[in-house]
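Asker: What TrEMBL shows for this protein is this:
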type   : residues : note
DOMAIN : 43-130   : domain 'Purple acid phosphatase N-terminal'
DOMAIN : 139-329  : domain 'Calcineurin-like phosphoesterase'
DOMAIN : 344-401  : domain 'Purple acid phosphatase C-terminal'
SIGNAL : 1-19     : signal peptide
Ligand SMILES: [Fe+2]
């Protein structure tokens with residue numbers, strides 16, 4: 001008894017002290033399955049995406065193949081003054097046949113306006129809000145979502161605070177060949193993806209290539225998550241760009257040829273040469289496999305792409321690069337070619353959406369000097385672009401009941417407003433009187 005009490009006290013003090021210094025990570029959570037409860041003609045898996053600055057694409061799936069690709073919409077609930085028709089697609093993957101996948105582009109739309117809409121003339125009314133026409137604008141960012149209890153937690157935290165656009169750097173459903181899981185993922189994210197535009201790029205779990213039969217992969221991803229690639233001069237849904245409120249956002253494909261003679265590389269060069277840094281002072285780039293990573297998971301996997309494309313992004317003065325793939329959070333300083341460089345992009349790994357594979361818990365020690373914050377926890381990030389020169393980045397760790405700010409972020413200065421960096425930009429991108 002004399003020994004028992006001090007040991008108990010010491011154990012208690014250890015727990016209290018450790019708890020106050022370090023977040024104790026909860027266990028992984030099981031997968032969730034989102035069932036279809038509506039009629040066959042009703043829309044399911046509704047999600048929206050930006051198509052130019054005045055239009056939105058509404059995407060949904062019906063079991064009933066006769067439902068028209070029609071979206072009725074207006075600014076008053078239940079009253080639809082406008083309508084637009086689009087197109088449908090579907091695909092087969094081994095024995096699976098998808099429902100009718102509808103894509104309808106609507107607009108022109110007013111900025112900062114809530115629109116109410118109905119899909120195919122059936123089912124429930126949905127609503128979304130368009131992004132503003134001027135700063136500030138806020139992005140929510142999370143990759144490697146999957147569909148587990150932690151995915152639900154991440155999405156609940158994303159939705160609990162207002163934002164304008166959701167950015168996803170790859171690995172959406174973790175269907176991994178089991179096509180019905182794309183459907184359950186679509187239903188899981190619908191409450192969020194039907195209310196704010198979801199702009200995504202693809203990851204390795206989205207590829208689902210199979211030798212000879214489906215050699216190129218991304219069949220489900222391309223059919224279901226159509227992004228505005230044609231509008232940005234791209235020939236494939238696997239890389240594209242778009243503008244929103246003073247930001248030019250480029251989505252690249254980590255699993256599409258990126259070498260200097262590739263179509264993706266040429267498209268990137270062309271896309272960057274057209275960026276007007278007066279109109280869009282910020283450039284953000286997203287792709288799946290990180291170029292910089294001090295986690296022990298997936299080390300070096302992004303190196304070939306980095307060698308091919310890093311100089312291009314550097315010379316264009318890209319502000320931030322977001323990647324996923326590693327199931328943890330890590331924020332780096334501004335980097336070029338492995339070293340801190342105040343004219344290079346900030347690199348952020350944010351593959352922490354909540355998928356079933358769990359967290360990548362082991363980091364390399366000691367931490368490299370270019371890595372400023374790293375933590376293997378599920379969560380999401382917030383990028384609030386305040387004006388043409390400043391943005392605030394923060395990372396919010398998931399917790400059972402709340403989403404506290406864990407990496408209490410950093411103010412970023414746009415490189416286009418940095419006197420030290422914008423002088424060596426390609427002249428055609430910056431009118432002289434704006435430098
Ligand atoms: Fe991945």
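First residue shown is number 1, and so on along the chain.
Keep in mind that glycine also has a Cβ here, set from the backbone N, Cα and C atoms.
Predicted automatically and left uncurated, TrEMBL annotations should be read as such.
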Asker: When DSSP states are grouped into helix, strand and coil, how many residues of the domain 'Purple acid phosphatase C-terminal' (344-401) land in each?
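Answerer: Breakdown, helix to coil: 0 helix, 26 strand, 32 coil.
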Asker: I'd like to know the mean pLDDT over the domain 'Purple acid phosphatase C-terminal' (344-401).
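Answerer: Overall, the domain 'Purple acid phosphatase C-terminal' (344-401) comes to a mean pLDDT of 93.
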Asker: Per DSSP, what is the residue count of the domain 'Purple acid phosphatase N-terminal' (43-130) in each of helix, strand and coil?
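Answerer: Each residue of the domain 'Purple acid phosphatase N-terminal' (43-130) counted once, the result is 0 helix, 53 strand, 35 coil.
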